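Only one structure is covered here, and it is reproduced in the block below.
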Amino acid sequence: MSFFNFKGFGRNSKKNKHANNNLANAGSTTPMNTIYSSPHNSNSKLSLRKNHSPSRHSQHSLQQSQQQSSLYGSGNNYNNSSSSPERPESQQVMFLSEPFVRTALVKGSFKTIVQLPKYVDIGEWIALNVFEFFTNLNQFYGVIAEYVTPDAYPTMNAGPHTDYLWLDANNRQVSLPASQYIDLALTWIDNKVNDKNLFPTKNNMPFPQMFLRDVQRIMVQMFRIFAHIYHHHFDKIIHLSLEAHWNSFFAHFISFSKEFNIIDRKEMYPLLPLIENMEYQGKII
């Protein structure tokens, strides 16, 4: 049984409705799409993006390639001693420094929030959470999207030791500007969660065999966007007084991933110091 409807969702569409009350009542948790709600009005940048990023229109051919391929980017880790303006070490110091590293909306851990509620199908629970994570991440990216220009961020990376490469239609790893990579990733995820064959919305329609595999890929791509924002745009999050929302959202995301063993620990390398800090604080268990 499905408790939510993906119809009409996208970065340029209206904000999605709450999940059906039946699912909210099945557990004791607060509906997720209210946890990270912002006091800003509907005209704020936290609304779903109405505009494409600066490089979107110039990447039409790559979007066509994206639709024909498996669309699973890969990450290469390497040391880079060069000093690049798109990789300021101060960003890393900022999100690991006091008081920001302890700032959060939710006190305690997310353990009980991410656990599977009684009488809820595990596929439904995973699908709902993935959809909500995507919704919130899409909104947060809308806050900083105008700053992610190809000139400022010519590669998609998460600090000086991690570059993310996109797998194109010809199964080749290609380096893309961060804005283009993130647009392709979000478009790909949007297509996945709106695919009724993968994320069924009708009663008695089973989840396909590839569901968990695609969920893992979706979550990995979302983690890479988290990592890029933490390493390069955390100052903007702070400027908007959203660090408590952002940190809690990330802790929720990682807690869910750990609960269902979705993302490998090695994939979390760019943000492991932050994750370990949150684990030490008890936010992530």
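Every residue number used here counts from 1 along the chain in the order it is shown.
Cβ coordinates come from backbone N, Cα and C, glycine included.
Heads up, TrEMBL stuff is auto-annotated, nobody curated it.
According to TrEMBL, the region 'Disordered' annotation covers 1-91. Positions annotated as compositional bias 'Polar residues' by TrEMBL: 27-46. Per TrEMBL, compositional bias 'Low complexity' is recorded for 60-84. Here TrEMBL flags His228, His233 as Zn(2+) binding site.
Its own atom aside, the Cβ of His233 (Zn(2+) binding site) has 23 Cβ atoms within 10 angstroms in the protein chains shown.
Here the Cβ of His228 (Zn(2+) binding site) has 24 other Cβ atoms within 10 Å, regardless of which shown protein chain they belong to.
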